[in-house]
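Look at TrEMBL and you will find C54, C57, H58 tagged as heme c 1 binding site. The heme c 2 binding site annotation in TrEMBL covers C201, C204, H205. For C335, C338, H339, the entry in TrEMBL reads heme c 3 binding site. Marked as domain 'Cytochrome c' by TrEMBL: 40-143, 180-299, 310-412. Here TrEMBL flags 1-35 as signal peptide.
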Amino acid sequence: MLLLPQGLGIATSRVLCKLACLTLAVLLPVGMALAATDTQQIERGRYLARIANCAACHTSEGGKPFAGGLPIRTAVGTIHSTNITPDAGSGIGAYTLAEFDRALRHGVARDGKRLYPAMPYPSYARMRAEDVAALYAYLRAEVAPVTQRNPAPQMRWPFSMRSLLAAWNVLFVDDDPVRTDTARGAAWNRGAYLVQAVAHCGACHTPRGNLFAEKGLDERSRHFLSGASVEGWSATNLTGDQVTGLGAWSRADIAEFLRTGRNGHATSFGPMSTVISTATQYMSEPDLDAVAAYLKSLPGARGEDKPFRHDAATAQQLRQGRFDVPGARQYAVFCMPCHAADGKGFARVFPPLAGNPTVADPDPASLVNLLLDGAVTARVGTAPADYHMPGYGWTLDDQELANVLTFIRGSWGNRAAPVPEAAVAARRKALAAQHPAAAGDASR
């Protein structure tokens, strides 16, 4: 109902009413369109936050979402993730979009302090402006503010001098847009953007140089996604190598693994289970296919062009009870019930060990972790349950574990190098320092 001043004539009143109604008719759709645009931007930001896996790093164990505090251990010290809730004092509540963009893409906080590249801003530097704005809108509008100041970094000198990061950024941060190749098609280009920027796959899967910069940022580098060591794990080679990479996987295999944490070739474990549980399982089907299309286009970094060939000799020996090879008896007792005598396991439940890229990896770190500490598959909405592998650090000594791993890496056609006892002992010690009850008794 419109209230008009007294004393106006009937004709004038009618004109004003019509003008008011016309104005309302014009402005209402505009307001609704703006509201719809805001909602769409926020939902886009929610999706980006998920597939960029922001919560996984910015939420401590048992902590409030996005409030930070998670310890990130590096070769030169420990960093605690920051609070990215919209709290004005300890989070990003006082950040403008421009300040948020500078932190996310250039590693410079609102107060001018340089961020350590444990936060993968070298990858985010290549994100599109509209995606940064959507992420900002989501964090500001949908995330609950939490007042929480997190511990300062504990870094060795000279890495404790943040001013050095200005020079590091000049040398190693490339904020050019992800390269578009029109000849490759829409799926490949979308996959390139997701892999190189939003999902920052290279932050874990690309080896780093002496100054801790990734050795390659896209497919033009032979080092890009060729595998790397991360917090005591070996991040898998994602290039087209036939044995240690994804050469034997199809696009559908890659998409299935990222969606469910399992396929006919492998099952997730360790940090990758977390990535799948908290991030990639939420990717849309077109985005999963796009990532797979891009990864399948990468040539092998190690020149492995011959496919894996299964050898049945080990299975025959195990079935005959012949345990003359060191590690064979322990395999039969502890491993064979799940992974079978032929090393083929049970697809999508217990992974094959024969021809598994993790087994063939030149760096056995992930295998050592699995045998010492066990693992759990990704928890995803499409699977009825997750599966746990027990650790055997409590019952097998370092030499026995090394023997089992060496047996696995040399059986069924696998041709990986032996695992020395010293590698198991060193990792047991490191795990014990992090989690005193995790790595078993090393004194046996």
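In case you wondered, yes, glycine gets a Cβ from its N, Cα and C as well.
Mapped onto this structure are the features recorded in TrEMBL.
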{"residue": "C54", "record": "heme c 1 binding site", "contacts (Cβ under 8 Å, 6+ apart)": "F66, I84, L135"}
{"residue": "C57", "record": "heme c 1 binding site", "contacts (Cβ under 8 Å, 6+ apart)": "L70, I72, S81, M119"}
{"residue": "H58", "record": "heme c 1 binding site", "contacts (Cβ under 8 Å, 6+ apart)": "F66, A67, G68, L70, S81, T82, N83, I84"}
{"residue": "C201", "record": "heme c 2 binding site", "contacts (Cβ under 8 Å, 6+ apart)": "V195, L225, L238"}
{"residue": "C204", "record": "heme c 2 binding site", "contacts (Cβ under 8 Å, 6+ apart)": "A228, V230, A235, P271"}
{"residue": "H205", "record": "heme c 2 binding site", "contacts (Cβ under 8 Å, 6+ apart)": "L225, S226, G227, A228, A235, T236, N237, L238"}
{"residue": "C335", "record": "heme c 3 binding site", "contacts (Cβ under 8 Å, 6+ apart)": "L353, V404, I408"}
{"residue": "C338", "record": "heme c 3 binding site", "contacts (Cβ under 8 Å, 6+ apart)": "G345, F346, F350, M389"}
{"residue": "H339", "record": "heme c 3 binding site", "contacts (Cβ under 8 Å, 6+ apart)": "G345, F350, P351, P352, L353"}
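With DSSP classes pooled into helix, strand and coil, the tally for the domain 'Cytochrome c' (310-412) is 44 helix, 6 strand, 53 coil. In sequence order, H200, G202, A203, T206, L225, A228, A235, L238 are the residues of the same chain, not among C201, C204, H205, whose CB sits within 8 A of the CB centroid for the heme c 2 site.
Taken through DSSP, the domain 'Cytochrome c' (40-143) splits into 44 helix, 12 strand, 48 coil. Counted with DSSP, the domain 'Cytochrome c' (180-299) comes out as 51 helix, 10 strand, 59 coil. Within 8 Å of the centroid defined by the CB atoms of C54, C57, H58, the record's heme c 1 site, lie the Cβ atoms of N53, A55, A56, T59, F66, G68, L70, S81, I84, excluding the listed residues themselves.
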